[in-house]
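**Student:** The Fe cation binding site annotation in TrEMBL covers A:His87, A:His121. Marked as Zn(2+) binding site by TrEMBL: A:Cys93, A:Cys96, A:Cys129, A:Cys132.
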2 protein chains.
Amino acid sequence: MELELIKSKLHESNFRLTQEREVVLTTFMNSGQMLTPAQLHDCVKKEYNSVGLTTVYRLIEVLTKLGLATPFLIDGEIYYTFCSDHHHHHFVCLDCHKVKDIYECLEMTHKYDDVGTVNYHRMDLYGHCKNCERKNINVKSLEP
Amino acid sequence: MELELIKSKLHESNFRLTQEREVVLTTFMNSGQMLTPAQLHDCVKKEYNSVGLTTVYRLIEVLTKLGLATPFLIDGEIYYTFCSDHHHHHFVCLDCHKVKDIYECLEMTHKYDDVGTVNYHRMDLYGHCKNCERKNINVKSLEP
DNA sequence: CATGTTAAAGAAAATCATTTTCTATAATGC
DNA sequence: GCATTATAGAAAATGATTTTCTTTAACATG
C-alpha cells in the first residue's frame, strides 16, 4: 500500500497530514519490521530531524485504530508493524524482527462458529527468516 | 490439565509449591478467562485472604516461561490465560473475556517454509461467545 | 490567497503498570 | 529436625505511556 493511499485514509477519518506524520509513516513503512515506539523514534531520528516521541506514540495509536498497524507482544515488549488493510497473517523473524505478510488464509472464521460468533482472527508465525538462517549457520560454523 | 500435573511441572523446574502459588493458580485455572495481573489479584482477594500483587506477577512470569500461561494484547492491555501445554488455539470472547481452547490445528507450520523456518505459531479468534450473544440480543430487544 | 478554526506537535509533568530491593518466612532436601 | 535457599510481601524504583498545556500549522471557507 503506497503512501498516497494511506494519506487519503487518514484524511477520510479527519486526521491531518502533518509533515511529522509523513516522516514517521515513511520510516515505519520502509522498515519492513516490527518496532517499538522508541525504536521507531530512533529510526526517524537517524534519517530526519527528530520528531517528538509523543508524536510517534500518537501516530501509532491512530494507525492502530485505522487497522494500519498491528501490535505484537514479544517477551513482554510491545512492537508494531505497518499493515495494509487487507486481511493477512504475519511471519515474524525472531532474530531481525522483519515481518513478512502472508496473504493466504484458510478462512477458518466460519469453521469454529460452534464457540460463538467469530468477528476476526489473527495468525502469527514465528521463526527465522532465510537471511538470518544463513547468518546463523555461518556463526555456528565458526564455533570450535 | 489438573492441579497436580502443574505442581509436578513446577517441581521439575525447581520452583517451590507455596500456598500462595496454589491459591493463585487455582483461581487462575478456574476463571476460564483471560485476566490482567491486577484482575487476577482481585479475584484471589475475593475468595481467599489476599496474596501480594507482586506474587501474582511472579507466578504469571513463571507460568509463561513454562508455557502454562499465554498473554493476549487487547486494547493495549496485557491479559493472560491459563494454558495447558498441548498446542492449541484460542477463541476469546470480547464481552466476557472467557477463553475457549481449540485443539484443531491445520499444522500450517510447514506450509510456509518459503519464508524461512517457522518455529511456532499462534492463532487467536476474537468474537462473542454464545452466552454473551444471547445477552446482547436481549439487550437489543429492549431498545425502542 | 487570506483567514478562522481546530487538530496536532512538543516539552514537561503525571500516571501507572511492572520490576527491583530487602528482610523475614517457609518449602525442600538431607 | 535442621540447614539451605527460593519465595512472600512491603516499599521504593523504574520506565513506558499518557496527559497537560501552549504554540504551531493544516485545512476549510469565503
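Just so you know, glycine gets a Cβ as well, placed from its N, Cα and C.
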**Student:** How long is the line from the C-alpha of A:His87 (Fe cation binding site) to the C-alpha of A:Cys132 (Zn(2+) binding site), rounded to the nearest angstrom?
**Tutor:** 27
**Student:** Just how many other Cβ atoms lie inside 10 Å of the Cβ on A:His87 (Fe cation binding site)?
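**Tutor:** Around A:His87 (Fe cation binding site), other Cβ atoms within 10 Å: 13.
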**Student:** Reported as an integer number of Å, what is the Cα distance between A:His121 (Fe cation binding site) and A:Cys93 (Zn(2+) binding site)?
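**Tutor:** Rounded to the nearest whole number, the Cα-Cα distance is 21 Å.
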**Student:** Say we define neighbours as other CB atoms within 10 Å of the CB. Which of the binding-site residues A:Cys93, A:Cys96, A:Cys132 has the fewest?
**Tutor:** A:Cys96
**Student:** Please report the DSSP secondary structure of A:Cys129 (Zn(2+) binding site), reduced to three states.
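**Tutor:** For A:Cys129 (Zn(2+) binding site) - judged by DSSP and reduced to three states - the answer is strand.
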**Student:** Within 10 Å of the Cβ of A:His121 (Fe cation binding site), how many other Cβ atoms can be counted across all chains shown?
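**Tutor:** Neighbour count, Cβ to Cβ under the 10 Å cut-off: 20.
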**Student:** Ten-angstrom check, please: count other Cβ atoms within 10 Å of the Cβ of A:Cys129 (Zn(2+) binding site), all chains counted.
**Tutor:** 21
